[in-house]
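Engineer: Before we start, here is the structure in question, set down as structure tokens.
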Amino acid sequence: MLLLALAFFFPAGDTQNVLPGKISFYGIQISTFFNHTVVENRGSGWLGDMEISSWDSEKETIIFRKPWSKGNFSNDEILEVEEIFQVYFFGFVREAQKHMSDFQVEYPFEIQVISGCEVNSHRSFDYFMRVAVKGLDLLSIKNHSCWPAPEGVSRAQEIWTLILQYKRICDTVEILLTKTCPRYLMSVIEAGKSDLQKQVKPDAWLSQGPSPGPGLLQLVCHVSGFYPKPVWVMWMRGDKELPETQKRDVLPNADETWYLRVTLDVAAEEAAGLSCRVKHSSLEGQDIILYWGHSISIGWIILAVLVPCLIVLVLFILWFYRRWSYEDIF
């Protein structure tokens, strides 16, 4: 029964340009079983790193988050797939509750499924699925091959045997992945071309983080507001990359751009001459290079603004006082 999760959002990666390499459409399902009666199903559909649809569990309908999220699918086709999901979630919950105790899974537990299809620059397709229970990988499927995760071989084999008992479901999943998904993926790529091809230049700035130890500095390079997601950021000494550079995860901003924080722990006397270099497709080869110690802190900027204002204010007070004193004499 778990395999029907493969059909999530017709099923379907980084999206850099339209078909420059690989682009995937995939659905993410998270089903949380709190007890025998309370279950929460969440789902979302993604084109590369962009969320384009989600599942409304109350209305049991698909929410399309982009004007082009339907691709070239008709309203009747949308209704048809929504009906498939409605039947699926009902059956999925029933079968999971029936069989999870057989596999010694205790409440509360969570089942996560990611599934979809991928197209490469040669327009050939692959489809895939991964299933996890309580955050532990259980099994993976790619094209017509299935293999259990090393940490759950025996349990995965038992579940796979159970799944194969539902032949009609497996046949439906295969059609959705091998026929419906490629058609949907290509149509949504074409419909969302302007969004997928957009380029947004990053902003970058330096700051000092908390000291990692006596005599040490933590240099922080912030890069924000860029799209698409792939970016290269590195601390440098001249033209030499510093392997001690520590990169965090690339995080999403609210406006669908991205943010990255890159740090370097260095002895205070060795900080001079270091720079942070940023490469991104939107920069068209004109890398951003920020030199440590050459940037002006916020405090100095504020001071530079306040000092002239204070001087003007003092001069005005002196002028007003002299004028008042002069008029008082006469």
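These residue numbers are counts, starting from 1, taken along the chain as shown.
Every residue gets a Cβ built from N, Cα and C, even glycine.
In case it helps, Swiss-Prot gives these features for our protein:
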SIGNAL    1-15  signal peptide
TOPO_DOM  16-299  topological domain 'Extracellular'
CARBOHYD  ASN35  N-linked glycosylation site
CARBOHYD  ASN72  N-linked glycosylation site
DISULFID  CYS117-CYS181  disulfide bond
CARBOHYD  ASN143  N-linked glycosylation site
DOMAIN    182-292  domain 'Ig-like'
DISULFID  CYS221-CYS276  disulfide bond
TRANSMEM  300-320  transmembrane segment
TOPO_DOM  321-330  topological domain 'Cytoplasmic'
MOTIF     326-329  motif 'Internalization signal'
Engineer: Any idea what DSSP makes of ASN72 (N-linked glycosylation site), helix, strand or coil?
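Structural biologist: Note: ASN72 (N-linked glycosylation site) is coil by DSSP, not helix or strand.
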Engineer: Going by Cα-Cα distance, which of the recorded positions (CYS117, ASN143, CYS181, CYS276) sits nearest to ASN72 (N-linked glycosylation site)?
Structural biologist: CYS181
Engineer: So which one is it: of the glycosylation sites ASN35, ASN72, ASN143, which has the fewest other Cβ atoms within 10 Å?
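Structural biologist: Across ASN35, ASN72, ASN143, these glycosylation sites, the one with fewest Cβ atoms within 10 Å is ASN35.
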Engineer: Is it possible to list how many residues within the domain 'Ig-like' (182-292) are helical, extended or coil according to DSSP?
Structural biologist: 20 helix, 52 strand, 39 coil
Engineer: CA-CA, which of the recorded positions ASN35, CYS117, ASN143, CYS181 lies nearest CYS221 (disulfide bond)?
Structural biologist: CYS117
Engineer: Would you mind reading off the Cα separation of CYS117 (disulfide bond) from CYS276 (disulfide bond), to the nearest angstrom?
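Structural biologist: Cα-Cα distance, CYS117 (disulfide bond) to CYS276 (disulfide bond): 37 Å.
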Engineer: Let me know how many other Cβ atoms fall within 10 Å of the Cβ of CYS181 (disulfide bond).
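Structural biologist: Result for CYS181 (disulfide bond): 28 other Cβ atoms within 10 Å.
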Engineer: Sorted by position, what residues of the same chain at least six away from CYS276 (disulfide bond) have a C-beta under 8 A from it?
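Structural biologist: The answer is ALA204, LEU206, LEU219, CYS221, VAL233, MET234, TRP235, MET236, VAL262, ILE289, LEU290, TRP292.
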Engineer: For ASN35 (N-linked glycosylation site), which of the three DSSP-derived states applies: helix, strand, or coil?
Structural biologist: coil
Engineer: In terms of DSSP three-state secondary structure, what is the assignment for CYS181 (disulfide bond)?
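Structural biologist: DSSP assigns CYS181 (disulfide bond) to helix.
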